[in-house]
């Protein structure tokens, strides 16, 4: 059994070292390089690689809790305790916040050169989107909410399919890679409207960092106070996705040992 401190540390390291640093730095490179040092595809790939490595790093001890929406859903389902929930989310938020600070330090000179020292959320030299998601100009708040909700439904359905031992789960060594490919696929197909946060821990801590680091309260007030959507929509999407999975797949499956027992019984009857 891992201790609370171990859970916090592993979750912190997984989100900080891998998932967020890979992802946020790829966005910074694309934005600050003005399209000459990467494109939208490279951002999707970097987040997918980051998720893969993060799960490989922490999967054995903590189950790789890198997404607050999934962690909260597991707590609601009774799979983890409230104490464990707090430990995981603490690690997630600290790791994500420090990752944003690290990417800011890494690209400090480039950010100030690109913006002429003016850190803004919108406009031709906006840079807040390096760290957190913002909706596209042509998307309504309702449309943005539905996008995040739907993308997270697809995320949790994919995670359950990959990990469900009662169904046709992937072998353990391949699960992190497939989870990374799942995130890549969501980005490739559902990233246009909102930038696919699909994770409160990916979006909120860097937003808090940008508010402190010079972008100000505009990171919370712009786009009709958009900030709460990538927090609430993924949580609701996760819960709804689990409901769909249980209704359509889980309730119709039998545990492996039961299935084998039924086969044995059938074999005996045939004999």
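Cβ from N, Cα, C; glycine included.
As the structure is a computational prediction, the values presented were derived from the model and not from experiment.
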Which range of 225-245, 246-266 is transmembrane segment, per TrEMBL: 225-245
Leading contact stretch, 39-64, 85-108, 139-162, 174-198 vs the transmembrane segment (225-245) - CB distance under 8 Å: 139-162
Chain residues outside the transmembrane segment (39-64) and at least six past its termini with a C-beta under 8 angstroms from it: 2, 6-7, 10-11, 13-15, 17-23, 25-27, 29-30, 88, 175-177, 179-181, 183-184, 187-188, 191
Surrounding residues of the transmembrane segment (139-162) on its own chain - C-beta under 8 Å, 6+ positions past either end: 67, 69-70, 73, 168-170, 175, 178-179, 182-183, 185-186, 190, 193-194, 196-198, 223-224, 226, 229-230, 232-234, 236-238, 240-242, 244-245, 249-250
